[in-house]
Amino acid sequence: MANSAAAQEAVEPVKKSNVKYTCTCAILASMASMILGYDIGVLSGAALYIKKDLKITDVQLEVLMGAINLYSLIGSFAAGRTSDWIGRRYTVVLTAAIFLAGALLMGFAVGYGMLMAGQFVAGVAVGYAIVIPPVYAAEISPASARGFLSSIPEVFANIGILLGYVANYAFAHLPLALGWRAMLGASAAPSVLLAVMALGMPESPRWLVLKGRLAEARTVLERIADTPQQAADCLADIKAAAGIPDDLDGDVVTVPRARRGGGGERHVWKELVLSPTPAMRRILLSALGIHFFQQASGIDAFVLYSPSMFRSMGIAGDSRVLGATCALGAVRLLFTLVATFLLDRVGRRPLLLGSMGGMAVSLVGLAAGLTVAARDPDGSKVIPWATGLAMASAVAHNVSYSIGLGSVTFVYTSEIFPLRARALGCALGVAFNRTVSAAVTMTFLSMSKAITIGGSFFLYAGVAALAWVFFFTCLPETRGRTLEEMSKLFGMADTNIVKAEVHVTKENRVEDSKHPN
């Protein structure tokens, strides 16, 4: 079958309209990632003015900066269940509505308490936005372009972060009480736009198959696959993963309860966490490991505390600090775009290994530069070579991160889990990611005081070195494989994918056609 499919695809040209359509769908879903990036990035500059206006302490500021990551745990776990229940598309609409509520609360905040309430709502939306766009992009993408399309959410997240930095710079000249509120409330407009545009997206064909809606799934696959033969083969693979016999080909069929994302949560929890097979345990360890090292190597220290870092280098003045922060955000965006074109050409594993090696070296350089620059705490005497080393290392770190770890993490996680466990598995990875991120953001200022800011980045360099070893020993290459082939890559036999025969009677099919949900 594989040989005949290959021969068929050799004579069937790839439909360029399908590629454009799939790319458009991934971009629409990734608008949620852009709002996510904005909400996180804008805090870096807004924090300077929030602290002055509300007269809060460093500890309160750390809690404010890191709380959004803790709150996102709620959203990430809810996202898995919600997307399996109402579908990926309507979950994107719900995410936009939650973002809108959070933006309004923060924009009209009258004090620290109301600001934290807005952060809570926005944090829930962040959890949703981290999980859903990569899962949706992976599930609508053909294997040949999945790396590119699944990395689009990361590109848009970096666009959002950069827009947050630009908003800091643009609104910094407003009166103190108005400026930071304008920064935080500006995300309301794109939230409304996202909710409207998401209604035009198709549903994920894999979710449709899980619900037994084969006719709809077939229609979507024909719009997104490279060739008609690939669409037919892909549908057959998804049906096998969902436990539907290949010879069953109605418009609406009954899917076993244990295979349904929204109906077999206990079964999936047991299979994924409570009593996993060795192969499933390896998949989960790979996902949790890549998410842990993405955050434990200190990237959010750059995203949220860039102004503090630049001041430690000897750069003075809010305008210059915010300008340098914008420049660093532009570097991340540029090289994230470069990575989108390398994922399907070079592969995930080489990018990860090269990225972590570059990050480890640049973090050592940054730590050394900051350590020397910090010897003059009042900033009255700038040490040019130390400032230059720190700046060059900061840029090199962000280049290394963006071209590998930043772009690969969510692509890799969204593609390695089996269909029945994909939403929950990605939710667990994101929850772990946000927990580690919260630990980093809520301790950075205190840790910098305790062991110096240079010492903090030496610590992150050590974590990056450990990450390289983990990626080298534990993560296999996934480039060019279909989502349904990933289980075999991690050692899961076909019998673990479909454990029992599925008997669907004519009566079942007739009854389900009356109640398709």
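Cβ atoms are placed via backbone N, Cα and C, with glycine included.
Heads up, TrEMBL stuff is auto-annotated, nobody curated it.
As the structure is a computational prediction, the values presented were derived from the model and not from experiment.
Look at TrEMBL and you will find 25-479 tagged as domain 'Major facilitator superfamily (MFS) profile'.
Feature annotation from TrEMBL assigns transmembrane segment to 25-49 (among others).
What TrEMBL records for 61-80 (among others) is transmembrane segment.
Outside the transmembrane segment (92-114), and at least 6 residues removed from its termini, the chain residues within Cβ reach (under 8 Å) are 28-29, 31-32, 35, 39, 54, 56, 60, 64, 75, 79, 82, 86, 120-125, 128-129, 132-133, 136, 181-182, 184-188, 191-192, 194-195, 198-199, 201. Look at TrEMBL and you will find 92-114 (among others) tagged as transmembrane segment.
If you look up TrEMBL, you'll see 120-140 (among others) marked as transmembrane segment.
TrEMBL lists 152-172 (among others) with the feature transmembrane segment. Outside the transmembrane segment (152-172) by six or more residues, the chain places 23, 26-27, 29-46, 49, 133-134, 137, 179-180, 182-183, 186, 303, 318-319, 322-323, 325-326, 329-330, 332-333, 336-337, 339-340, 402, 406-407, 409-411 with a CB less than 8 A from a CB of the stretch.
The transmembrane segment feature in TrEMBL is assigned to 178-201 (among others).
Under the heading transmembrane segment, TrEMBL lists 283-305 (among others). Outside the transmembrane segment (283-305) by six or more residues, the chain places 40-41, 43-44, 47, 65, 69, 161, 272-273, 276, 328, 352, 356, 359, 363, 394, 397-398, 401, 405-406, 408-409, 412-413, 416-418, 425-426, 428-430, 432-433, 436-437, 440-441, 444-445, 456-457, 459-460, 463-464, 466-467, 470-471, 474-475, 486-487, 490, 492 with a CB less than 8 A from a CB of the stretch.
Summarising the annotation, TrEMBL assigns transmembrane segment to 321-343 (among others). Non-local neighbours of the transmembrane segment (321-343) in the same chain are 41, 44-45, 147-148, 150-152, 154-155, 158-159, 161-162, 164-166, 168-169, 172, 302, 306-307, 310-311, 315, 351, 394-395, 398-399, 401-404, 406-408, 411, 479; each lies 6+ residues outside the stretch with a CB under 8 Å from one of its CB atoms.
Residues or ranges marked as transmembrane segment in TrEMBL: 350-373 (among others).
Long-range Cβ contacts of the transmembrane segment (385-412) within its own chain (Cβ-Cβ under 8 Å, at least 6 residues beyond either end) map to 130, 134, 138, 146-147, 150-151, 153-154, 158, 286-287, 290-291, 293-294, 297, 299, 302, 309, 312-315, 328, 331-336, 338-340, 342-343, 348, 351-359, 361-366, 368-370, 372-373, 433, 467, 475, 478. Positions annotated as transmembrane segment by TrEMBL: 385-412 (among others).
Residues annotated as transmembrane segment in TrEMBL: 424-445 (among others).
If you look up TrEMBL, you'll see 457-476 (among others) marked as transmembrane segment.
Listed as Cβ neighbours of the transmembrane segment (25-49) (distance under 8 Å, sequence separation of 6 or more from its ends, same chain) are residues 61, 64-65, 68, 88, 92, 95-96, 99, 102-103, 122, 125-126, 128-130, 132-133, 136-137, 140-141, 149-150, 152-165, 167-169, 172, 176, 179-180, 183-184, 186-187, 190-191, 193-194, 197-198, 200-202, 224, 303-307, 318, 322, 325, 329. Mean pLDDT for the domain 'Major facilitator superfamily (MFS) profile' (25-479) in the predicted structure: 85. Within its own chain, the transmembrane segment (61-80) has Cβ neighbours under 8 Å at 39-40, 43, 47, 50-51, 91, 95, 98, 112, 115-116, 119-120, 122-132, 300, 304-305, 423-424, 426-427, 430-431, 434-435, 437-446, counting only residues six or more beyond its boundaries. Within the chain, the transmembrane segment (120-140) has long-range Cβ neighbours (under 8 A, six or more residues past its boundaries) at 22, 25-26, 29-30, 32-33, 35-36, 39-40, 67-80, 82-83, 88-89, 91-92, 94-95, 98-99, 101-103, 105-106, 146, 149-150, 152-153, 156, 202, 204-207, 220, 224, 410-411, 413-415, 422-423, 426-427, 430-431, 433-434, 483.
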